[in-house]
Amino acid sequence: MGNKGFSALRLVSCLAFFIVTRNIVHGDLSYSIPEEMKRGSVIGNIAKDLGVDLRTLASRKARVDFEGTQNRYCDMTLNTGDLITSERIDRESLCGKKPSCVLKVDLVLENPLELHRVSLHIQDVNDNSPKFKKNLIEMEIRESADKGNRFSIEEAHDADIGQNYVQRYILQKNDNFILTVDSNKVELVLENTLDREKQKEMNLLLTALDGGSPQRSGTVVIHVTVLDANDNAPVFSQAVYKASLPENSPPDTVVITVSATDADEGINGDVTYDFGHMSDDDVHLFSIDPKQGRIAVSGLIDFEETSSFEMRIEAKDGLGLTSYAKVIVDVTDINDNAPVIYLKSLTNPIPENVTPGTEVGIINVQDRDSEKNKQVHCSIQQNVPFKLVPSIKNYYSLVTTGQLDRELVSEYNITISATDEGSPPLSSSKTVQLSVADINDNPPVFEEQSYSAYVTENNKPGSTLCSVTARDPDWRQNGTVIYSLLPGEVNGAPVSSYVSVNGDTGVIHAVRSFDYEQLRSFKVQVMARDNGSPPLSSNVTVSVFISDVNDNSPQILYPALEGNSFMTELVPKVAHGGSLVSKVIAVDADSGQNAWLSYHIVTSTDSGLFTIGVHSGEIRTQRDISESDSMKQNLIVAVKDNGQPSLSATCSMYLIISDNLAEVTELKDIAYDEKNSKLTSYLIIALVSVSTFFLTFIIIIMGVRFCRRRKPRLLFDGAVAIPSAYLPPNYADVDGTGTLRSTYNYDAYLTTGSRTSDFKFVTSYNDNTLPADQTLRKSPSDFADPFEDFETSEVGAF
Ligand SMILES: *[C@@H]1O[C@H](CO)[C@@H](O)[C@H](O)[C@H]1NC(C)=O
Ligand SMILES: *[C@@H]1O[C@H](CO)[C@@H](O)[C@H](O)[C@H]1NC(C)=O
Ligand SMILES: *[C@@H]1O[C@H](CO)[C@@H](O)[C@H](O)[C@H]1NC(C)=O
């Protein structure tokens, strides 16, 4: 038949067979398709037939799976949901002679795992012609053969099944033979006796026809030689022999022995055996001993390949008369296949924050053996936060059982073991490496709860104060720590004008030189932040303690140094020894030892007359005043602090021993004598002598003015009234010793106002960072105020 015609007819037959039947039993699908469909032919629309949303096919990783490592006969197009053929499906090579040929396909969907069994019933197509084993059959028949004698002919074979198998035979018309076909037995029957003298030999054409559409046929030529005498054909002891054979039987294992007897004697009774028709695959698996009829194994018998064999055996006597028998060999299964573990899907790496119970992998286990040998148990090791959950058929889900923590375990080697139920059982294992992916779930943690830094004042800007360290066990940028200062204020200035932190190392530097007298300690907040997104952070407090350095000299508040004016004390002539005469008041902006003041008289007009309390600064008479004592007494007092090295200040104190205010007028001269040059004195004397009246007038004016300034003082033992104007508001003479405590040294500078040069003002550090209003608040007009107060209170007290 022409190739073109054949394929056209085949198409018709395909269409005829293409009756797609759909049976959804337990969610299973079944399609019936003809074999030999063109590659890419649509078998059916799985998505529609299962009711699966087309759009989810891709995301659910829909795919077809075949048991074992067979060829992929069909595939799925994800955009249409069609099941299509992807390879030639030849029913004959798939199923041989089996009356029904079913190809099992698994349709796998993930998330959740879903398995659908699709059965493809492969329908036979008449694509094989009947075939005789040989093209020529030689026969020798004696001319004496009787009418009605039968001569076996080996039947024709057809790889197709059913209607497509051999249905009938046609024998070429001839004078002597007719054909009888009876249950697989094809025989020539002698109808008219042979006459060797008339015809020595003849050729008969035998045609075998199948029932397919189109019909196919095969032919053989039977060459009959007519001999002189007659004979008997061999006869098998059984028409069908059955044997059972374990798979993997070694070569030379005897399967069965067939035997045929021939009634003839001599050469005519010698029977030889041979195989009849056999499929190409089976030809090398068995051998037959031509003399003994012993069938033995000669190749590898694999139950998984073929579970039963059917062979035709031919017995032939010396003259070429043959007869046939059938041998059916059933192969029994041996547990010779270990289970095979297939990893069908795996999420790797797994984020560490997956909830327990998340499916991370799908495993399929297959065993090619049958029955018990195919029953497989699957497990994984115990000490991992994963378990295998049996799913459908031989599918398992690998599921997390607990919280994962990459910082504890970043990788798991999961060993899956599968064991079948054969005896002995076979097992196999597969190791799956799973990594855990980082999630930014750990904030940086400081190594200490809080940090303290100690620095002595007058430090260099930029000097290191301390360093903070925070650790973050996360991976890469999720664990990279960056340090920064949290915004805040110290004394009203941004904290960044005090300290800075190195973002990478956490080292904290001073930005400015600190002054203990202004600031003894402060706190800053340092944040450690990782680089994740979103980032996590921790805060820590760093306390900076500034320690004192003796950098301030004692400050003498009383007696005040007021240019050329006089600060004098009146000492009554009647004062007894030990009377309190005056007091030196000094403060020191430092603290502790650095502010522990001691008072000493450095020089005095009369060294025996006055003494000073070392720590109180109180000036007392040492003895009773006598008339011989000079009226004017000068003391130079040094005030020292206890620092290392110590700093000091000195002041002069003028004491007038007098009961009479009038005498004080002379004091000015005395003072001027002391202070001014002699020339000035002479000048004054000259002036006095020139105009006494004018001088007297001036003296009166001067006297009045002096009296206004020098208020006569009432002296009591043990109590000295110090003018309150001399004391700054924040100072309090707490213990009566005259050592003043400053509650806030910085303010002391601002309010005493004794020397403008002593104003240590904060703006000098950071002029440009202070807000404008603050700068304004400390404007010189502010400083003027204390002076005014000073003046008015002084006048008012008079
Ligand atoms: C997992 O197996 C790999 C390769 O065999 C090995 O390098 C690794 O150290 C193993 N990991 C663990 C956590 O056992
Ligand atoms: C950091 O964590 C985030 C989630 O918090 C994650 O998406 C990212 O992959 C992680 N980075 C690294 C380098 O692991
Ligand atoms: C650290 O302080 C900043 C600013 O006050 C705040 O936003 C953040 O939440 C704090 N972080 C922690 C971990 O307390």
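Positions of Cβ are set from backbone N, Cα and C atoms, glycine also.
These come from TrEMBL:
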{"type": "DOMAIN", "residues": "25-132", "note": "domain 'Cadherin'"}
{"type": "DOMAIN", "residues": "133-236", "note": "domain 'Cadherin'"}
{"type": "DOMAIN", "residues": "237-341", "note": "domain 'Cadherin'"}
{"type": "DOMAIN", "residues": "350-446", "note": "domain 'Cadherin'"}
{"type": "DOMAIN", "residues": "447-556", "note": "domain 'Cadherin'"}
{"type": "DOMAIN", "residues": "578-659", "note": "domain 'Cadherin'"}
{"type": "SIGNAL", "residues": "1-27", "note": "signal peptide"}
{"type": "TRANSMEM", "residues": "682-704", "note": "transmembrane segment"}
Closest-packing stretch to the domain 'Cadherin' (447-556), where packing means Cβ pairs under 8 Å, from 25-132, 237-341, 578-659: 578-659
The domain 'Cadherin' (350-446) in contact with the domain 'Cadherin' (25-132), cutoff 8 A, at least 3 CB pairs, sep 6+: yes
Residue distribution over DSSP helix, strand and coil in the domain 'Cadherin' (578-659): 4 helix, 40 strand, 38 coil
DSSP-assigned states of the domain 'Cadherin' (350-446) in counts, ordered helix, strand, coil: 4 helix, 49 strand, 44 coil
Helix, strand and coil totals (DSSP H, G, I; E, B; other) for the domain 'Cadherin' (25-132): 14 helix, 43 strand, 51 coil
Integer mean pLDDT for the domain 'Cadherin' (447-556): 94
